[in-house]
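Undergrad: Questions regarding the structure given below will be posed in turn.
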Amino acid sequence: MGSMSEHIPATNSTGTTRVKRGLADMLKGGVIMDVVTPEQAKIAEDAGACAVMALERVPADIRAQGGVARMSDPDLIEGIIEAVSIPVMAKARIGHFVEAQVLESLRVDFIDESEVLSPADYANHIDKWAFGVPFVCGATNLGEALRRITEGAAMIRSKGEAGTGDVSEAVRHLRTIRAEMARLSSMSPDELYVAAKELQAPYDLVAEVARTGELPVVLFVAGGVATPADAALVMQMGAQGVFVGSGIFKSGNPAARAAAIVKATTAYDDPDTIAEVSRGLGEAMVGINVADVPAPHRLAERGW
């Protein structure tokens, strides 16, 4: 495991880094689906989802309706936990450590400190070491990813642009993170000090990424994945799994699309399988071109 956090003793209330990252590792190669009801959670589980994300409104609805988006009602989260046997994640606002405390008390399996909700703190993210439950956080570049890992994140996902059905931002973020990791791998030790300063991340963590060529945690992709081909695209580009939000339950045939995206994520390098599972899925979500989203409404720009 990485050198970060080795100094933090494990207590009854704090899961060790090894355990938290190991839990995230078990989701590798899978699809995590946004669900708003226990019925949707069952559809996701039956389709082969490796986990579900419990929330009141999918990102497309949050985007359309506006207003302040907060943590979901505990009754909704508990209903989804009771409905399925796979891990259940839930979202807390950036910096809102009390929402995270509530989610931990509800016994969710992962907390997503998410830019999809309205940020609670525009300067600080949650201190994730203080929790026993593992956190997943979004990143648009390597510096952001390393800062979240420094704060205790056990899984990183690209932010993409949630609720659009446009995969281009997720692709850009994944390419950026992977290109920046490759760049570190070719640097000499003295150059890594400057790189750490530029990335605003600890030198030890930067040196570890330079040595391994990978993040010390699992890297998933989120934001705009709407079709089996989208899922296979990001997997071929080096993602270790996929989050699908609005793309499934905003489409014409959610059960079929969910199963197809799971199959395409597993067989991501087999075009014949992807072609087969892409047939007859009905209407995809309508979607919004990211270029048409004005800067103040871009969710990926939340987080620092």
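Heads up, residue numbers simply count up from 1 along the chain you see.
Cβ coordinates come from backbone N, Cα and C, glycine included.
Below are the features I grabbed from Swiss-Prot:
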BINDING   Asp34, Gly163, Gly224, Gly245, Ser246  D-ribose 5-phosphate binding site
ACT_SITE  Lys91  active site, schiff-base intermediate with D-ribose 5-phosphate
BINDING   Arg175  D-glyceraldehyde 3-phosphate binding site
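Structural setting of the listed features?
TA: In the three-state DSSP scheme, Gly163 (D-ribose 5-phosphate binding site) is classed as coil.
Under DSSP, Lys91 (active site, schiff-base intermediate with D-ribose 5-phosphate) is assigned to a strand (E or B) in the three-state scheme.
Counting every protein chain shown, the number of other Cβ atoms lying within 10 Å of the Cβ of Arg175 (D-glyceraldehyde 3-phosphate binding site) is 14.
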Undergrad: Name the secondary structure element type, per DSSP in three states, that contains Asp34 (D-ribose 5-phosphate binding site).
TA: strand
Undergrad: Give me the non-local Cβ neighbours of Lys91 (active site, schiff-base intermediate with D-ribose 5-phosphate): same chain, 6+ apart in sequence, Cβ-Cβ under 8 Å, ordered along the sequence.
TA: Met53, Leu55, Met71, Ser72, Ile111, Asp112, Glu113, Ser114, Val116, Leu117
Undergrad: Express the distance between the Cα positions of Gly163 (D-ribose 5-phosphate binding site) and Arg175 (D-glyceraldehyde 3-phosphate binding site) as a whole number of Å.
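TA: Each residue's Cα considered, Gly163 (D-ribose 5-phosphate binding site) and Arg175 (D-glyceraldehyde 3-phosphate binding site) end up 20 Å apart.
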Undergrad: May I ask for the distance between Ser246 (D-ribose 5-phosphate binding site) and Arg175 (D-glyceraldehyde 3-phosphate binding site), taken between their Cα atoms and rounded to an integer number of Å?
TA: 23
Undergrad: Express the distance between the Cα positions of Gly245 (D-ribose 5-phosphate binding site) and Arg175 (D-glyceraldehyde 3-phosphate binding site) as a whole number of Å.
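TA: So the Cα of Arg175 (D-glyceraldehyde 3-phosphate binding site) lies 21 Å away from that of Gly245 (D-ribose 5-phosphate binding site).
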Undergrad: Report the largest Cα to Cα distance, in Å and rounded to a whole number, among the residues Asp34, Gly163, Gly224, Gly245, Ser246 that the record lists as binding D-ribose 5-phosphate.
TA: 12
Undergrad: Output, ordered by sequence, the same-chain residues six or more apart from Asp34 (D-ribose 5-phosphate binding site) with a CB under 8 Å from its CB, or 'none'.
TA: Val52, Met53, Leu55, Val58, Pro59, Phe243, Val244, Gly245, Ser246, Ile248, Phe249
